[in-house]
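Everything below concerns the one structure shown next.
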Amino acid sequence: MINKVKGKIIQIIGPVIDVLFENVSSLPMIYDSLEVFNPKGNQIILEVQQHIGECTVRCISMDITDGLKRGQDVFSLGTTISMPIGEEINGRVFNVVGNTIDGLGDLNNSKRISIHRNPPKFEYLSTNIDILYTGIKVIDLVEPYIKGGKIGLFGGAGVGKTVLIQELINNIAKGYGGLSVFAGVGERTREGNDLLREMISSGIIKYGDSFLEDMKNGKWDISKVDKNELKNSKATFVFGQMNEPPGARARVVLSGLTLAEYYRDSFRKGRDVLFFIDNIFRFTQAGSELSALLGRMPSAVGYQPTLASEMGTMQERITSTKNGSITSIQAVYIPADDLSDPAPATTFSHLDATTVLSRKISSLGIYPAVDPLSSTSRILSIEFIGNDHYLCAQRVKQILQRYQELQDIIAILGIEELSEEDKIIVHRARRVQRFLSQPFNVAEQFTGITGKLVNIKDTIEGFNLILDGKLDNIAEVHFNLKGTISEVIDSSKKKI
């Protein structure tokens, strides 16, 4: 039993609370948890951030501080924020402090581990490189992902980051068979709800046949959830949504990462874990809010002076060891579509592959709106992907680059003023651009088109046929939202 040390609140400024500890041998340590109860009797967890004076600590709250008052008792728990572990966490939904929020009962008796942990030691890190195929043409061809790597999805508001991350969950988590952890950081509660329902429908989270049947009929009766079946689920959720205070949004990434680390390290042979973060910018944004509230001098564009170190501390824990791997896919919001903003720019340096979503491509109706010229991968070389794949990817990039250079001339003088050779380049580049689009399973309700997963060999074959001029006689419209090149050919034979 932990001997709780009692203090009292002496100041409340929004989510920042100062607590006085009198007549104690030592103050709670940095990152230690304190608890206080609001007028409704709900527990609120505070995390120590600063020692100010001899007897006072400054804390950030993990929940809304409405109803708290000066003079109220606060108790030190003697531990940091921690997450439950064990097979009981499979399929469950947690908040930042490890409490369940899915209505399926608490896990009070489970063993817990701290969310503040050191990265694995250098000698335990793995150096193996394997390609993680996603079934999405533009990703697999021009910016292949690395199993056990860190991947960033960059884009402004409304260009498709969340839809792409949901499709990646659908494609990889289903076909891959490993365990997944999803951290919802400062995003819409509705999206978290939609994702949970999608996971239940697809069988990644197992609520049992009885619940599933009711769900199909529009009901949500959690009393019908099969707890034994739930333990066989392949995904776990941790949410700190946009309506929550900055303390929760700043720590929820670490809470989710702690579960991913547990899955990776908890078995003798280890496991390969998928760790999805939506959205890593909100982690930075919450840190900026807290920094201002704690009185630190802001740096460039108002961000916290500790931006690089906070990001580095978190990203260094997302790594692969000889025991297992964590493949991290992170959505990154780009403020005002400015890639030079300090928040996305700081994230760039930690990533193995970047997928940049473009508003310009989105406006053309090409989805996913990935910009193949701005997107990168450190394994796009013959050494890792082979000669055929590399040459095809380079040819695709070259023709799109040339098309981009010609667009100014086309806008001013018109396409008729181009040389015959450049006209051919433009026509083929437009076909390539449209063939990079693809119908998604998670977007089927919007497009009315069944989602497609495309093998890398079929992808290379299709683009080579376009680049070699074998399909010049097929109109551009037939290349849009198709999977394989055979679908394009079949579509061209039908009357529009």
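In case you wondered, yes, glycine gets a Cβ from its N, Cα and C as well.
What Swiss-Prot lists as ATP binding site is G155, G156, A157, G158, V159, G160, K161, T162, and the listing cites sequence analysis. Taking the Cβ of T162 (ATP binding site) as reference, residues of its chain lying under 8 Å away and at least six apart in sequence are, in sequence order, E187, E191, D278, A331.
Annotation for G158 (ATP binding site): spatial neighbours S362, criterion Cβ-Cβ under 8 Å with sequence separation of six or more. Under the DSSP three-state reduction, T162 (ATP binding site) is assigned to helix.
Comparing the binding-site residues A157, V159 by how many other C-beta atoms lie within 10 angstroms of each C-beta, the top residue is V159.
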